[in-house]
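**Student:** What follows is a structure written as structure tokens; I'll ask about it next.
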Amino acid sequence: MMRGCSRSKSTQNLDRTVCMTNCPTLIVTVGLPARGKTYISKKLTRYLNWIGVPTREFNVGQYRRECLKIYKSFEFFRPDNEEGLKIRQQCASAALNDVRQYLADGGQVAVFDATNTTRERRETITVFAEQNGFKVFFVESVCEDPEVIAENIVQVKLGSPDYTNCNTEEAMEDFKKRIKCYENSYETLDEVLDRHLSYIKIMDVGRRYLVNQVQDHIQSRIVYYLMNIHITPRSIYLCRHGESDLNVKGCIGGDSGLSPRGKEFAKYLRQFIQSQEISDLKVWTSQMKRTIQTAEAVSVPYEQWKALNEIDAGVCEEMMYEEIQQHYPLEFAMRDQDKYRYRYPKGESYEDLVQRLEPVIMELERQENVLVICHQAVMRCLLAYFLDKTAEELPYLKCPLHTVLKLTPVAYGCKVESIYLNVDAVNTHRERPENVEVSRMAEEALLTVPAHQ
Amino acid sequence: MTLSVWALPSADMTTAQEKNELTQTPLLKIWVPWLGMGGCKLSCRRGSSVPQLTNSPTLIVMVGLPARGKTYISKKLSRYLNWIGVPTKVFNLGQYRREAVQSYKNFEFFRPDNEEAMQIRRACATNALKDVVIYFSKDHGQVAVFDATNTTRERRISIVSFSKEKGYKVFFVESICDDPDIIAQNITEVKVSSPDYVNCDKDEAQADFLKRIECYKQSYVPLDDEKDRHLSYIKIFNVGSRYLVNRVQDHIQSRIVYYLMNIHVTPRSIFLSRHGESELNLLGRIGGDSGLSPRGHKYATALGGFIKGQHIKDLKVWTSHMKRTIQTAEHLGIPYEQWKALNEIDAGVCEELTYEDIQENHPEEFALRDQDKYRYRYPNGESYEDLVHRLEPVIMELERQENVLVVCHQAVMRCLLAYLLDKTSDELPYLKCPLHTVLKLTPVAYGCRVEHICLNIEAVNTHRERPGNVDVTRDPEEALKTIPEHF
């Protein structure tokens, strides 16, 4: 939730610190290997960063790899391997040290990704957090389904740096023995013994959740997010509306209809979608004419979301960049200085757009196959979420007209396929010009404006 | 990332009909296919303008011993769902029983060996479920909350098969509480004053009710981790310190779970106020982003004094991003948070116009707005319906918080008030939220106590009542009849 906090003298550009929590939060994963802890850590981190909460994950396995250099076999993880235990302890401490540094340096949430399967280890972490004034929230993943575990191992463990020199069977065998090393000492979060801790226990990949002592807003949002994600294979298709009449003229915003080429694109989109043979495809549009016209041509039921409407350019609606430079040169320069946070007068910023789109992302997480027909700025925001782009990169992501992006979750990230549907369209992508000073000349400002009629 | 260019076979590009012609519905400003001279047929358009939260009616079934907060949860949940636009109704079994039995004698009615009473209670349950069917099939209801103890597996199984047969989804909400203080508190707040105990004194009522609870305890079988693993439910332990959530099926159930996990029963108050009178208010102009008038500044100071006098513990103050609410909050001398979501309704092309201007330049729009003020969307602007959607995260956070003062705007305050006081979408746009008045809302029993505190600083009236004639054919005088005075 993006809201600015006030200081006693309000100014036009307030500090955009997010006041959701008053102290940093340490999220601690708990669970045997191959239970999805790293998957959850990375996804949660991506989501929190996207909604504006500075978050970083700290994977103890990575610290161990840096320390050990070469992984020999599961024997390293044997509970009676004194030397192994010492090294693992040191790695955990090193990671916690970095956590402390990060949270002192402006980080808001740190995700401590490790097995943390003993009560003793968790007690150490709780003490560490108390000493430093951090809130702790545990995320435990419990799963006994052998198929799910095997699938996890195949997807993310076999390709791990630990197993670069092994074949599939060897790697699988070794990893299973590694899991065994943890099983005997595993103490799951207990309803009675751990009743004062704040945690969520995720069972069987989301069939069931146990949620205990949620302390504040950010923990509540984390719980809501974790309860909405799933791992059923599916694809998300993102595209813009077909080329519009205002696009052709080089004007931004507005609510115009499709140009003849845009209508062509809509027909091609229909054929493309049919050829993909997607089961149970949901189609979403904004409430603007150009996305709806596009969806109508695809000939499948669709839902209109006002939240998917293009960024509101306020006083600059329906202007060409040349006109903006002419009438609002100051605004134009400020936008180039910080395109993510810049808000059009009487309009919106990309930052506002992200907040507006959060329910769309939440519903996208719940759904399976979805085609989202939207707009340039909106698509940039959605893409940044899926591909973990920063606020600096987001407003300059390339989302050309007449191109469909097919996103398929794989391992810890997203596979992207870009399919250009072979119908010409204007380019609407304006790169950041060199000179972003308010004192710049008109030509410098307009250097990167794409061609139009 | 892999790149490819889509190459199409040249044949078969024709579509049955050019589907690209659209028209915008006048009231909602929604684009729909234009189907010739007859205009658009909303019923056969492909696009739904409301995101689909669920595709079949949902029956929420409460589970728990008496005095565990089932009715409190039922009413609150129903209020929330109705406010976000999901038609919901509570079916309280106790009410059916009171209608059947007329006068309640004592707890013996609830004894498990009271055959005659058992028959009556079963009949009541059947009637309630019959009404649920009518609500879903004839009254366009989407969610029904079956508020009863439902403490036996037998009863729950029969509800599940009833729902399966009808094609309803079932979601159980079980409230488990073993804290005797909380239970005693519940009994005092809502049971002692129930129609059942109208002729008893407090202690008699309390004692009888405790015996009533005992009658249920013997046969109470909570939802079981193993046996009920195929059911969809949430178990709430001790007023929310712990939750168990099993098999959430769809979006609406996910939203219900999120809501239930954010509400609490800690006593607190919510203060709602508009910004002080603004320069544009004085001129009778709507919207805009002007500063406070001199009287507005006076109000802000008075508001500061009032708040100090209330001695509120840990008060949070929220404003919008608009100048007038921020100026108001500045006078309070307390830290405040700005929410863009609290900005006033966007009047689009009508921003900063007077009602007289709107009548002159957009008479048809003005009439449409009077016809359906809740759903009407200003051209390039918003509707009250849009506002509710935008305010949902604010409401969710209000539920999480304790003492909060919200400094906002007329339309925004109407939406928040409608949620807190369970007003319908017809009433909402006409709720009275005058300038320079603080509303103090304190949750009590199943609802909210409201105190109006007028801080005695003069201000213009900005409330326009619905005029008699709302036809597009009306005369300007008829349209302008109810406009409040301005400079």
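Please read every residue number as a count from 1 along the shown chain.
Note: Cβ is positioned from N, Cα and C throughout, glycine not excepted.
According to TrEMBL, the protein carries these features:
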type	residues	note
ACT_SITE	B:His275	active site, tele-phosphohistidine intermediate
ACT_SITE	B:Glu344	active site, proton donor/acceptor
BINDING	B:Arg274, B:His275, B:Gly276, B:Glu277, B:Ser278, B:Glu279, B:Leu280, B:Asn281, B:Arg324	substrate binding site
DOMAIN	B:46-267	domain '6-phosphofructo-2-kinase'
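Where in this structure would I find these features, and how exposed are they?
**Tutor:** Applying an 8 A CB threshold to same-chain residues 6+ apart, the list for B:His275 (active site, tele-phosphohistidine intermediate) reads B:Leu292, B:Gly296, B:Met322, B:Arg324, B:Thr325, B:Gln327, B:Thr328, B:Val407, B:Cys408, B:His409.
Residue density at B:Glu344 (active site, proton donor/acceptor): 24 other Cβ atoms are found within 10 A of its Cβ, drawing on all protein chains shown.
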**Student:** In the same chain, outside B:Arg274, B:His275, B:Gly276, B:Glu277, B:Ser278, B:Glu279, B:Leu280, B:Asn281, B:Arg324, whose C-beta lies within 8 angstroms of the Cβ mean position for the substrate site?
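**Tutor:** These residues sit around the substrate site: B:Ser290, B:Gly291, B:Leu292, B:Ser293, B:Gly296, B:Leu435.
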**Student:** Show which residues of the chain containing B:Arg274 (substrate binding site), separated from it by at least 6 in sequence, have their CB under 8 Å from its CB.
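**Tutor:** Correct list: B:Val407, B:Cys408, B:His409, B:Gln410, B:Met413, B:Cys433, B:Pro434, B:Leu435, B:His436, B:Thr437.
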**Student:** Max Cα distance spanning B:Arg274, B:His275, B:Gly276, B:Glu277, B:Ser278, B:Glu279, B:Leu280, B:Asn281, B:Arg324 (substrate binders), Å?
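**Tutor:** Maximum Cα-Cα distance: 14 Å.
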**Student:** C-alpha of B:Glu344 (active site, proton donor/acceptor) to C-alpha of B:Ser278 (substrate binding site): distance in Å?
**Tutor:** 13
**Student:** Restricting attention to the domain '6-phosphofructo-2-kinase' (B:46-267), give the mean pLDDT.
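**Tutor:** Its mean pLDDT is 93.
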**Student:** For the binding-site residues listed here (B:Ser278, B:Leu280), tell me which residue's CB has the most neighbouring CB atoms inside 10 Å.
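**Tutor:** For the binding-site residues B:Ser278, B:Leu280, the Cβ with the most other Cβ atoms within 10 Å is B:Ser278.
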